[in-house]
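Heads up, the thing below is written out as structure tokens.
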Amino acid sequence: MSLHMVTVGNNLALIQPGFSLMTFDGQVFFFGQKGWPKRSCPTGVFHFDIKHNNLKLKPTAFSKDSCYLPPLRYPATCAFKGSSESEKHQYIIHGGKTPNNELSDKIYVMSVVCKNSKKVTFRCTEKDLVGDVPEARYGHSIDVVYSRGKSIGVLFGGRSYIPSTQRTTEKWNSVADCLPHVFLVDFEFGCSTSYILPELQDGLSFHVSIARNDTIYILGGHSLANNIRPANLYRIRVDLPLGSPAVNCTVLPGGISVSSAILTQTNKDEYVIVGGYQFENQKRMVCNIVSFEDNKIEIREMETPDWTPDIKHSKIWFGSNMGNGAIFLGIPGDNKQALSEAFYFYILKCAEDDLNEDQKTLTNSQTSTEDPGDSTPFEDSEEFCFSAEANSFDGDDEFDTYNEDDEEDESETGYWITCCPTCDVDINTWVPFYSTELNKPAMIYCSHGDGHWVHAQCMDLAERTLIHLSEGSNKYYCKEHVEIARALQTPKRVLPLKKPPLKSLHKKGSGKILTPAKKSFLRRLFD
């Protein structure tokens, strides 16, 4: 095992406890920033590009037929192989926290639709569920099992807010363990069914799960109701015959007491468990090897990495699995120094990069700790600190600072451009013009042709108009193209004039005689 410190070149403030990493074709992608997506990457999904122990978060894009994916922390994620070639490798995302501390109950499916040397384009779709729909939660697990040529998702554990009938002003944001129900989710048809298994007595959160063929192993986790980390090991087996699925659970010996551990796969039948907590005020510094042989599971301690003094003395740590036996770890920075980073990051390599795509077994773990706060609460303490939440994405984050090496990536996002002949936004002297601007000038999308971005300041937009346009879905046209857009607009339909017969204008015996001038006017009117 080798441990290397990583320098984050940009967007450092986005990497907070609760993020997730997803691997597509050997490339790692970051998801789950603490605030709403910034202008540096509206999708909130970044390419995790690491070269020579230097990390850069590069923006990605979503296809036009994608749904909106909010930034979610502590969701349940797992890889899923579909039946068609276009669905060869997907990720399932369920639940999680939004920046407003709301909990999601939605399921999203992510896949890659386009990839080039500069940017990756994803497709994200939302799956509607019917039946026993799992309630909104976080800190749970979702895995995919395969039986008799079919596949199905298995969801378990987590935490959710207490029912609204029990919420008071003091306990409005209190959470409770979810019921220990096992949900089977059919991703193709959107059907969900819950099962009550007598062996599962607690709705464990931040546990570790391993899916192998038709079986899922649940180990570790934290019970909020009892404030314990039981050293239990559960084996949940799912059979998918032509009729109703059969689900059974077995309690196995040899479990470990840990929560928020990180799981990574080192070879076909072997995994490594790193990190987590064994008590509320104590990190778990021991690493474990989980090996499988003849459908038997064995968990044993292994030689620990050469932890740095900073890691040993830090009270919290968090991270996620990067795939190929590598783990991304973060610890708080030294707050005693005025210019210290918020977090320091490391990569722990538990094995060589010798896994191929067919050897990888789908794994999942709830890896991150809860927001640190002033009293350094862990993920299990659930001390919600709204002042810390708000200050974390109020615009003071010092990220996306300009440097010449990143000029290509900056041009990709379109902020430092000449949007019109009179554009006066200078990359070196730009200062915020609107109160809503953070670190980049506000942009408005012109819908003319293939579309292009323009600076709101250059278009002389009032801030009230800017906010109105950003909230709605109305099309906007810049100064150069607004006249073209008006010319292309379909004229409003005008009802035809009714043409009364001429004889009605001159009735016999009425005494009214049309003069030549009136006759000429009527002739021009109706001709």
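Sequential numbering from 1, following the chain as shown.
Just so it is clear, glycine is given a Cβ too, placed from its N, Cα and C backbone atoms.
Quick look at what TrEMBL annotates:
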| type | residues | note |
| --- | --- | --- |
| REGION | 359-380 | region 'Disordered' |
| COMPBIAS | 361-370 | compositional bias 'Polar residues' |
| COMPBIAS | 371-380 | compositional bias 'Acidic residues' |
| DOMAIN | 414-491 | domain 'Recombination activating protein 2 PHD' |
| BINDING | CYS419, CYS423, HIS455, CYS458 | Zn(2+) 1 binding site |
| BINDING | CYS446, HIS452, CYS478, HIS481 | Zn(2+) 2 binding site |
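Known features from TrEMBL, placed on the structure.
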residue	record	Cβ within 10 Å
CYS419	Zn(2+) 1 binding site	24
CYS423	Zn(2+) 1 binding site	14
CYS446	Zn(2+) 2 binding site	22
HIS452	Zn(2+) 2 binding site	16
HIS455	Zn(2+) 1 binding site	24
CYS458	Zn(2+) 1 binding site	20
CYS478	Zn(2+) 2 binding site	20
HIS481	Zn(2+) 2 binding site	17
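Among the binding-site residues listed here, namely CYS446, HIS452, CYS478, HIS481, CYS478 has its C-alpha nearest to that of CYS458 (Zn(2+) 1 binding site).
Here the domain 'Recombination activating protein 2 PHD' (414-491) returns a mean pLDDT of 77 for the predicted model. Separating the Cα atoms of CYS423 (Zn(2+) 1 binding site) and CYS478 (Zn(2+) 2 binding site) is a whole-number distance of 12 Å. Counting only the Cα atoms, the space from CYS478 (Zn(2+) 2 binding site) to HIS455 (Zn(2+) 1 binding site) is about 9 angstrom.
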